[in-house]
Amino acid sequence: MKLLPSVGRKATQKVAVADHDGVVTCFGMKKGEAVPVFKSLPGQKISRLELGGALGTPQEKIFVSSGSEVRGYTKKGKQFLTFEANLTESINAMHVSGADLFVCASYIYNHYCDCKDQDYYLSGDKINDVLCLPVETVGRIVPILACQDRVLRVLQGSDLQYDVEVPGPPTVLELLNRDGGKGGEAVLYGTADGKLGLVQITKSGPVTSWELDNEKKKGGVLCIDTFDIVGDGVKDILVGRDDGTVEVYGLDSSNDLTLRFENVLSESVTSIQGGCVGKEMYDEVLTTTYTGWVSGLTTEPQQMVAGPGDEIKMSRETQGKVAALRAELEQLQAKVLQGREKYQQSSQSSTAVSAVPVFSINDKFTLCQDDASYSLTLEVQTAIDNLLLQSDVPIDLLDVDKNSAVVSFSECDSESNGNFLLATYRCQANTTRLELKVRSIEGQYGTLQAYVTPRLQPKTCQVRQYQIKPLSLHQRTHAINQERKGEANFKSDNISTISILKDVLSKEATKRKINLNISYEVNEDSVSHTLQMIHPKLEYQLILAKKVQLIDALKELQVHEGNADFLIPEYRSILDESAQLLEEYKKQPAHLERLYGMITDLFIDKFKFKGQNVKTKVSQLLAILNNYELDSLMEFFSEA
């Protein structure tokens, strides 16, 4: 979705929207009603919509990509361009700058000028978005690719100029202030794990201006725009996330990013734009969501203040809006009733043919590094009835605050049929989005399957599969292992990681009847180094348990004495943070169990590389962990 430039100084803007049915719709708003400008015929699913035009003129031509084809429309709806890029895959990212067209499939980047092939680049990982610095400002063509391996690739022609490492897999790129700022080199990016950043793409190399972490664990960033919604002369940053969160960030006097507004929608936000659409003089934040809703958050005051005894009468405009909404609701209800009656009649007919309804699923399976779990998000265009989860490896289901579905577990016979998990989520009415959290055990790999059944007639189901990898709780880094043809060299500061790699590679090589020679060198200091890295986390969890034990006694003292002023600051802070501590303590058994498991695996793997089996000594190790001291633990590791 994009907003076309306004014609007059105060005129409202038209909205251009493209959908999965291949339809491009352009409409404006008049007295609260959508007034269509044009609508194209349906076709192949549209993946991207961008605005373009000659450099230095208003960017009011509409370009859309579907499959490997790019089409262009004027603001009146006349199609002036049909260009076949001849790519083997569908276009998933596109950018238009004057006569230059930049398109990307999963791994391939192509640059065309006046529909003639110019440059080509094969990326090392999946391309999520593409952008070009403004040619009129920087004086040269600088394409930037946002790639899944947490890198922005800056190109020069068909060659890689340099890489920019970012803190997460980048999903979207946007020019700051829509023009790249003063020098035209400022690029905003959003990541799949919800982080934001601003980087300067200079000739000599990248300069990171700022990075904003996702401390509140909100959804991944899907779309960004910049627009002065507050009206202070400085453009704000508008952000749309996959959990439905819409945010407006502003820069304060010290150039720090501050959250000014936030709103949460019930579906993922697929695009966001700032502009004036509904009413002159009042700017809006316009969003589109996964199931096709276009909604606007306006700066127009929507509330009236009344004093005691005052009466407020609805304006004619408001009364008209309410009446129109009621009429529309009644029409929709009548349509639903007609549809149900028609379906009932046809289902009882002997000649009727039952067709399986088609529905699409928007799903995401991502690693949350903070709590070593996986987030599984499923979104359907219609309400979800139930979800069945099945796994052939042991995994734990974790509680999610946003999830209101009722879960029930079925008994599994893991030995005979390899089922370790069978869980059913029954959703409440009108639930179109479901978020789950699962935790795997490293070294045990297999498949997690999700069977999604929506509230459709006749009943139908779709299956999604997610691979649980052997090193499932490891995260990609920017460092690359040394590789040569027929040889790979792996390094880790944790012996357990190397042990898992060795076991998996041996197992898979045996399956495929491949001759594999594995040699290894173990640095004894790595064990103590790993224990020291685990120590702060383990110590924090044990201190948390001690604090929680004190809460009841401290509350009794507070009631008895009437206040807590006589307590030392440490105890007063425990009382002040008691609710937060208790909430955290609920999750503690899983945290402690995971840390104990890591230390136990480290102990077994250390001696496995020496050809010794020390599983009989695990009970002694657990006894030391129950009375934890780092020195005694390290001593046990060295003496065992």
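Using N, Cα and C of the backbone, Cβ positions are placed for all residues, glycine too.
Predicted automatically and left uncurated, TrEMBL annotations should be read as such.
Keep in mind that what you see is a predicted model, and the values were worked out from it rather than measured.
Annotated coiled coil per TrEMBL: 315-342, in sequence order. Among the features that TrEMBL reports, domain 'BBS7 beta-propeller' is placed at 1-299. Taken from TrEMBL, the feature domain 'BBS7 GAE' applies to 357-466. Per TrEMBL, the feature domain 'BBS7 platform' maps to 473-521. TrEMBL lists 524-637 with the feature domain 'BBS7 helical hairpin'.
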Take the domain 'BBS7 GAE' (357-466) and count its residues per DSSP category (helix H/G/I, strand E/B, coil), listing them in that order.
4 helix, 60 strand, 46 coil
Do at least three C-beta pairs under 8 angstroms join the domain 'BBS7 beta-propeller' (1-299) to the domain 'BBS7 platform' (473-521), pairs 6 or more apart in sequence?
yes
Note the mean pLDDT of the domain 'BBS7 beta-propeller' (1-299), expressed as a whole number.
91
